[in-house]
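Chemist: Here TrEMBL flags A:12-32, A:44-72, A:92-115, A:127-153, A:173-191, A:212-239, A:259-285, A:297-320 as transmembrane segment.
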Amino acid sequence: MLHRYPKRVAIIMLVLLAIVATFPLWGPTLFGSQSDFILEKLTLMVILALFAMSLDLLVGVIGLVSLGHALFFGLGAYTLALASPEFDAASLWWMLPLVMLVAAVAALVVGLLVIRTKGIFFIMTTLAFGQMLYYLISTAPFAGGTDGVFIMFRPSVTAGESVLLDLDNPQTFFYLCLGMLVAGFLFLRWLTRSYFGQVLDGIHDNEHRMQALGYATGGYKLVAFVISGVLAAVAGMLAAMQYGFANPAQLGWHTSGEVLMMLILGGMGTIFGPILGAFAYEILLYVYEHLTVHWPILMGLTIIAAVLVLPRGIAGLIIAPPGKAELMKSPWLRRLGRNRPPADIPVKPAVPNKEG
Amino acid sequence: MSDEPILATHGLTRRFGGLVAVNNVDFDVTPGEIHAILGPNGAGKSTLINLLSGEISPSEGQVLFHGKPIQGKSVRQIARMGIGRSHQKTNIFPRLNCLQNCELAGRIHMGGVFGSWRSRQRAQKVSERALDVLETCHLAHRAYTPAADMSYGEQRQLQIAMVLATAPSLMLLDEPMAGMGREETVQVTELLESLTDRYTLVLIEHDMDSVFRLADRITVMVDGCVLESGPTDQIRASEKVRDVYLGRHHEEATA
């Protein structure tokens, strides 16, 4: 049924998780001195995967396309940067709940206003709120203006006097991010398969009908908006820890657009698709950046090609791999291949039927 | 049937610009009856039912449900008060299976956004009720079939099942047999007949055979006004009604 996928999805995801999670073991032997750099990239991909997944709840599950999701991503980053003491490490035990709380309040306020709109108006209002915060932060002296805020010390995870996790160690930080991604994934899987998730599916398919059944659809959308915003803020906080600063660019519509592209590439509404999308996007970005300075052209063409060939993204390819018959039907592949289908269109009789 | 009407309208009027779609309609439904609304296309039947379910608000007059006006209440509030409706267009959730469709409909009584997380016992009850209404609608064998994979007739039956699952005290059915073949029409007529002793129904339908077989009372509408309203036998014998239906066709044929 809905949000139930073939077994191979779980197998593929678990294999990929195992490959990524064991990177610190096999990375150094395979890549040598490059390994540290790749681990850093992997950490970033994991963080972006969490971000993309959070947006999927809105875009893929409910069908509300937001172009302002970076608002929460950046908010998470700035909350950490501004709340951290300047010459000391903050405690993650405090920072994580604080970031989530700030994001929840912000999402509640923004959500109350934008949730009344639909379609293009939802896109525009979310974009507007995102840009409002962007210009507020990039001109605010307390937030460092366009330079952003540096985080001198990564937050620590301590229990009493002893350090539980040394997040300055790139490997430990990598595993923290990976753990957050897995936790976020399990949470969203549970959520979309719960009764609450079924209502969201119903809203996606036919909001009017849900109201006629007696559902307060606005409330459901608002709760989903808040959950989505909170998860995005956690991703933003991790990104700020990774980079060591919070920057206005993390708030801008560019970031919102990029994460949407990850969703499209990965497959919307599947929760696991955006994870694949984030990794695919970042790998493509890395390759294209090295090929040419005009990499956005290549990226744009790739996204267009992806939409044409894989309308349901990478996830769609895994859920329902196209059979041979379907491949033959594809106008793109047919033109490439030699096996043209026989011209089975009968020649129409020139004289119209005179029976009627 | 002299009890207090469950639903009543007084001077109900709705204008769309210069068009008066529903004109000064007094209409009532008593508990346990099937009240059918008949009328040619454009007579204002659908507008009337939309007024009753609160999907549009009246220009004048009011709708009383259990003696209380529904004016100013949202569609979902009215639905929760116990008015369940089906739409003329098939309006199901195609990606969910039959059982899930009915559970989704029944779960509104679990309360609130977070109600869905609350009680396992109530969820159990909702499932039982959903299976029950599927049984009533002869869809029990389809419980785990995705709605999208069913025939059109079955989808229409599912739509009725979903309304039943909300446990309404009044059901508004907008052309439940629309677009159905002969056999399916008979099937749905039988289904509605089996509901008569437990539910109160307002039925809009074009299929004359079904209407005369099912209805206790019939209101005939023409051009937004009530032409005649009364027990089925009275309408069957009415000269006025015959003139409108036969006269129209006659005019059209000669025009």
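Just so you know, glycine gets a Cβ as well, placed from its N, Cα and C.
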Chemist: I need to check the long-range neighbours of the transmembrane segment (A:259-285): which residues 6 or more away from its ends have a CB within less than 8 Å of a CB in the stretch?
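Modeler: For the transmembrane segment (A:259-285), the list is 3, 5, 9, 13, 16, 41, 44-45, 48-49, 51-53, 55-57, 59-61, 65, 67, 69-70, 73, 181, 185, 188-189, 192, 204, 295, 299, 302-303, 306-307, 310, 312-317, 319.
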Chemist: Below 8 Å between Cβ atoms, which of the listed ranges A:92-115, A:127-153, A:173-191, A:212-239 makes the most pairs with the transmembrane segment (A:44-72)?
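Modeler: Answer is A:212-239, with the largest number of Cβ pairs below 8 Å.
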Chemist: Counting only pairs at least 6 apart in sequence, do the transmembrane segment (A:212-239) and the transmembrane segment (A:92-115) share 3+ Cβ pairs under 8 Å?
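Modeler: With 3 or more qualifying Cβ pairs, these stretches touch.
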Chemist: Please indicate, using numbers and ranges, the residues of the same chain that are 6 or more beyond the transmembrane segment (A:127-153) and have a C-beta under 8 Å from a C-beta there.
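Modeler: Contacts of the transmembrane segment (A:127-153) (Cβ under 8 Å, skipping residues fewer than 6 from its ends): 67-71, 74-75, 78, 80-82, 84, 86-90, 110, 113-114, 240-241, 244-248, 251-253, 256.
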